[in-house]
Amino acid sequence: MLWIETVRMLSADLEEPFALEFVYRNLYELTKLDWLNLQRQEITDSERSVLTELAKRLKNNEPPQYIVGWTEFCDLRFKVDGRVLIPRPETEELVRLILSENDENECLSVLDIGTGSGAIAVALASKRKNWLIEASDLSSDALSVATENADRNAVSVHFTKSDVLSAFMERKKFDIIVSNPPYIAFSDTDEVDDSVIKYEPNSALFAENMGLAIYKKIAKEAPSVLTENGRIYLEIGYKQGQAVSQLFQKQFADKTVSVHQDIFGKDRMISVK
Ligand SMILES: C[S@@+](CC[C@H](N)C(=O)[O-])C[C@H]1O[C@@H](n2cnc3c(N)ncnc32)[C@H](O)[C@@H]1O
C-alpha cells in the first residue's frame with residue numbers, strides 16, 4: 001500500500017483533514033516537499049502503525065499541539081503538554097495591548113498571574129529586554145513547563161508558586177500586573193469544546209462565582225502590590241466585560257477601567273490605568 005492511500009484512509013473520519021499531516025510532519029520534522037515525496041512510496045508496517053496510532057489520538061480529540069508537544073505564541077515556540085493550557089491567539093492580543101501602551105525604554109516590573117506555559121511572561125520578556133518580569137502559578141507542574149519555556153526562549157523570568165497574589169503581599173511593587181486567569185463559569189461547561197474539557201487542565205479553565213472568583217481575588221489583593229501609577233491588564237470571557245470592569249472600578253476608583261474587544265469584536269480584555 002502507498003503512503004497516500006493510508007493517509008487518505010486514516011484521515012477520512014477526522015474532523016480536520018490535514019491534522020494527520022500536521023502532526024506527522026512536525027513530529028518527524030519533515031518539510032512539505034518531504035511529505036509529498038513520501039506519499040508516492042510504499043508504506044512499511046511500522047510506519048503504518050505510527051500513523052494509525054496518531055490518527056487514533058486525533059480521533060479521540062487530543063489537541064494536535066499536545067501530540068507534537070509544542071505550539072506557537074507571539075512568534076515563539078512553547079512546549080505544551082497536559083499540565084498547561086495551550087496558549088490562545090486571543091491572549092496574543094493581550095500581549096500586544098500591553099506592548100502598545102507601555103514604554104519600551106522604561107524599566108518596568110511586571111507580574112503575570114497564572115502563567116501556565118509561561119506564554120505571556122516569556123513573550124513580554126522576549127520583546128522588552130528592559131523590563132523585570134516575574135510570573136506565578138498555583139500549579140507546580142505548570143511552573144516547571146513555564147521555566148523550561150523561559151530557558152528554551154533564552155529569556156529571564158522569575159517564577160514563584162502563589163495563590164493569586166498571596167506570595168507577594170506587601171513584598172513587591174509591580175508597575176504592571178497581567179493575568180489570563182481561569183474564567184469559565186461551571187454553568188457554561190456546555191459552551192466548551194469536548195477536546196478542551198477532556199485534555200486541558202480543569203484548574204486552568206474554570207472558576208467559582210460565575211467564573212469571577214480569581215478576578216475578585218486579584219481586585220482585592222492588587223492594591224497592596226501595585227505601584228501608584230501601576231496598571232492591570234486582564235483577559236476576560238466575552239460575557240464578563242461589565243462584571244469585571246465594575247469589580248475593578250470599585251476597588252480602583254481613581255483609575256480608568258476600559259473594556260477592549262478582540263479581532264472578532266467580542267469583549268476580551270480589561271485595562272485598569
Ligand atoms: C487560563 S490559564 C492561563 C495560562 C497562560 N497564562 C495563558 O494565557 O496561556 C490559567 C492559569 O491560572 C492558574 N491558576 C488557577 N488558579 C490559580 C490561583 N488561585 N492562583 C494562581 N494561579 C492560578 C492555572 O494553573 C493556569 O495555569
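Each residue, glycine too, has its Cβ placed from N, Cα and C.
Caution: TrEMBL annotation is automatic and unverified by curators.
Binding of S-adenosyl-L-methionine is annotated in TrEMBL for GLY114, THR115, GLY116, SER117, GLY118, ASN180; the matching candidate from ASP137, ASP163, ASP194 at the same site is ASP137. Of all the binding-site residues listed (THR115, SER117, ASN180), THR115 sits in the most crowded Cβ setting, with the most other Cβ atoms within 10 Å. Annotation for GLY118 (S-adenosyl-L-methionine binding site): same-chain Cβ neighbours under 8 Å, separated by at least 6 residues, are PHE78, ASP112, ALA135, VAL145, ALA146, THR147, ASN149, ALA150, VAL157, PHE159. Residue counts of the domain 'Methyltransferase small' (97-188) by helix, strand and coil are 33 helix, 22 strand, 37 coil (DSSP-based).
Comparing Cα positions, TYR183 (substrate binding site) lies closest to GLY114 out of the binding-site residues GLY114, THR115, GLY116, SER117, ASP137. There are 24 other CB atoms within 10 A of the CB of TYR183 (substrate binding site), with all protein chains counted.
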